[in-house]
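One structure is given here, and the rest of the page talks about it.
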Amino acid sequence: MYVQKRRFLARRVIPELEKLCSALSNIKTRLKDRFLARSMDSFELQELRGCSGHEMKTTLNWWDMIWFGVGTVLGAGIFVLTGEAARNDAGPAVVVSYFISGISAMLSVLCYSEFAVELPVAGGSFSYLRVELGDFVAYIAAGIFCSSTLFLVLSTKGSSRFNSIAAVIHIVVLVFIFIMGLTKANPANFANFAPFGIRGILKGSAMLFFAYVGFDGVATLATLILMQPYTQIDVNAPFTLAFQAAGMNWAKYIVAFGALKGMTTVLLGNIIGQARYFTHIGRTHMAPPILSAINEKTGTPVNATVIMTVANSIVAFFTSLDILSNLLSIATLFIFSLVALALLVRRYYVTGETLDSDRKKLTALLVLIVGSSIGLAVYWAVAKDGWIGYAVTVPIWFLSTLGLQLTLKQARKPKLWGMPLVPWLPSASIAMNMFIMGSIDRESFIRFAAWTAILLVYYLFVALHASYDAAKEMQRKANATNNLEAEIITQENF
């Protein structure tokens, strides 16, 4: 037995440990390789997709995508977070909070669109049903999770049709809320419009950002705060209980039904996006490769869909909505800032073409833009009064952006459509996103930092090496295939 253990250690364990130690000793080299690596379109569309074993069925068209987008944004942002933001943060001025978050979101979407040419946690939205049905509502929520997963696993197209119908119903409910709510409107509720001042408005914007819904959210919000004084709004089920307080008991059931439909479409839209996102990550081995598998029969990412649903369910059961909304807002604002920054780099830098002096100038100007934006947000969060910080950071941001426009020539032009007013709009997106982040509480930043640290540790010790080895292996196979094809062509010519 002892001899067998030694043989096992010698054959299996020790070589793996040596391989691990070798990989860890080369973290710097591998990190540089992954940071500078650029993949060709053919590699993304052929070799990488081949890691899934089977092709994912392409069944969605532009019409389906529009309705998935509509269904995704009509949920927690309207029926739950509005109540908390209005009652605790902004008061009636929460409509201004929505405008601010909407403008910031649209700037970010413009940045995203050039690259593209993209919560199920809203337990509070079931609060009214919980009052009526008790703990049975937990089974309703679990049923929605399971049925949504089943829809997506069996048929993406079927899920799209269901989502389109549900989204239409949801829009009808929103129109109903707006019209019927106005019949109980009281303009006196707007008397104390901004009880918490500009800081409350921006804090509301930060909370609502991750679920930005645009002008439909503003309209329904205006209805809500016209129906009730902001101090009487229920933070868990604002619309349903507002109709109840107005004496329209029959209407609250329609609103509750609409909220339930909204949560379902949000869940469908998010899971379908998350599953495909993690399918691609699994292909690169940055996440376990099991996530990349595509079911041969259904043509859907079954593993990723089921695993992400389970993960979402765990988060939903153990995380309160206010904590999660702030955490997701930080993550969303941070990612949107990175997208805007990446757009500036993409426009002004091309490897092998941009002069070294221009590269250094671009780096310095981008550092000043990001640094001044962060400084502006920090000063807003720390200094309750004063103006010196703004007098320093705002001119630095403005002059840095102006310098980018006047001293550097754009090295790359968009092929089909590009964001207008570059560098001003991407730079404004960075500044605005950072400034809104300055209104989020310190505890949320601590949670975000802790989660980011965990992911960095995972990346440096696991994902980096797995993705590096997988990329080199795929590249080796691709080179071997190309050499074989070249050899066959050469033989045919002779």
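Just so it is clear, glycine is given a Cβ too, placed from its N, Cα and C backbone atoms.
Taken straight from TrEMBL:
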type	residues	note
DOMAIN	417-467	domain 'Cationic amino acid transporter C-terminal'
TRANSMEM	65-83	transmembrane segment
TRANSMEM	95-116	transmembrane segment
TRANSMEM	136-154	transmembrane segment
TRANSMEM	166-185	transmembrane segment
TRANSMEM	205-226	transmembrane segment
TRANSMEM	327-350	transmembrane segment
TRANSMEM	362-381	transmembrane segment
TRANSMEM	387-404	transmembrane segment
TRANSMEM	416-436	transmembrane segment
TRANSMEM	448-468	transmembrane segment
* Stretch with greatest number of CB pairs under 8 Å, the transmembrane segment (327-350) reference, 166-185, 362-381, 387-404 candidates -> 362-381
* To do: Report, as numbers and ranges, every residue of the chain located at least six residues beyond the transmembrane segment (362-381) whose Cβ falls under 8 Å of a Cβ in that stretch; write 'none' if there are none.
  => 202, 337, 341, 344-345, 348-349, 354, 389-390, 392-394, 396-397, 400-401, 403-404, 407-408, 427, 430-431, 433-435, 437-439
* **Helix, strand and coil counts within the domain 'Cationic amino acid transporter C-terminal' (417-467) (DSSP)** => 40 helix, 0 strand, 11 coil
* What is the average pLDDT across the domain 'Cationic amino acid transporter C-terminal' (417-467)? -> 88
